[in-house]
Amino acid sequence: MKSPVVSLIEKKGTHSSVIFVQNKKEKLDVQFLKSFNPIISLFFVVGIVIDIPEAYNLTRIHHYLRIFTKNLCSLFTVFTVSSQLLWLLELPEKKVEAPFLFAFILQTSAYLTIYRSRHQIEMILKRLSHISKSLEYSTDYRKRKLIARFYCGLLYGLIVVYVFYYFYSGQRRLVKEHLKNSSFFKNILRIPGNYAMIYRDVSLCCYSLGNSLAMTSTAACFTFMCIQMKALFHHLGTQIRDLKVRDDFYRLFDAYNELVAVVNLVDDVFSYSALVIVVNCMTGLFRVIYSLVFVREICFQNDFYFCFMGFYYLIILLSVISMASETVQFGKHVQELIVSIPGSFPSHYHELKLLIKIKNVKRKVALTLWKMYAIDRSLVVSALGTFTTYGLLFATLGNVQNQEKN
């Protein structure tokens, strides 16, 4: 029987090294693109337009809304930063307001990164769609769309409940008492304490609701891209395990190379945003845990006030880390399967080894935090270790301060 590898190498002069080239006639998996509709809609709300007609039709109204949301986001950013600077200078709890300002600046920088990379996000979605179609991968995309909608709705719902409970929290009452006696608002700005409190409430609502929109949309997009890449790696691995002599080796090798190229592109676009998400989530979780353990003098409602925010950060942190690490693990597994193919076909060993070398199959598969730290399962353990270390440190400092006061 004639070797398929030999026949393919004979065709090497006419065979394209990359089969998934974007063109107007390429076949896209429309159902996959539609499964991202909730995330694309969320991006649109924060002024990031992902122009994929197969998933989201942009009308003339959307054009005017895009201009409106873009300007609104700019005003929101200026208002929130200036307000947070004011609260940092005015309110006595500097250790609470300073992390808020730091987290918002970080998230704004991540938002700007995603905004500048919106065309690359369009490219990633289209390339994933084309790979799915080429590999004949199919799944229940309607179910995935519902999961994406539930994921985004759950996260934003937690923030809405968090804001609702804030109005009944003891921390708000303490801030209200401080603003009533604030010399800055009374003597300099000539603003009554009640109006100052309204301004505080509005600024906190804008901070919480707006900042969470940017973080939720970015985390959802990254998470569900990883879900699709993981599924494609798994499907590709199944095809490689079932590989027969007559199968087209080039098709599977090129599919793997294209999928790894998409993983690298996702890393280029989302590596900084992933770092910001992980840092903000770890900072937020530490603040929540610290408040629940040490802040007992306010009121019982304060526990609810922090718990919902804690669930929000925990869900985002686990989804981002777990999906990214699973994607990398599946990619490495497929890489090992491809490298082992020559051993399964001894008569074509040298041809297959040459093919693997030409296709550069052994290149690294990784998703990182700003190109500095590879995302893997151990990151969760590292985060827990960080919480424990700093928790013990703050607890020790708190005991020392209490002893000095006594």
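Cβ atoms are placed via backbone N, Cα and C, with glycine included.
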Matching range for TrEMBL feature annotation, transmembrane segment, among 247-268, 379-400: 379-400
Closest-packing stretch to the transmembrane segment (304-324), where packing means Cβ pairs under 8 Å, from 36-56, 100-117, 146-168: 146-168
Contact set, same chain, for the transmembrane segment (100-117): CB under 8 Å, 6 or more residues outside the stretch: 46-48, 77, 80-81, 84-85, 87-88, 207, 211, 214-215, 218, 269-270, 272-273, 276-277, 279-280, 283-284
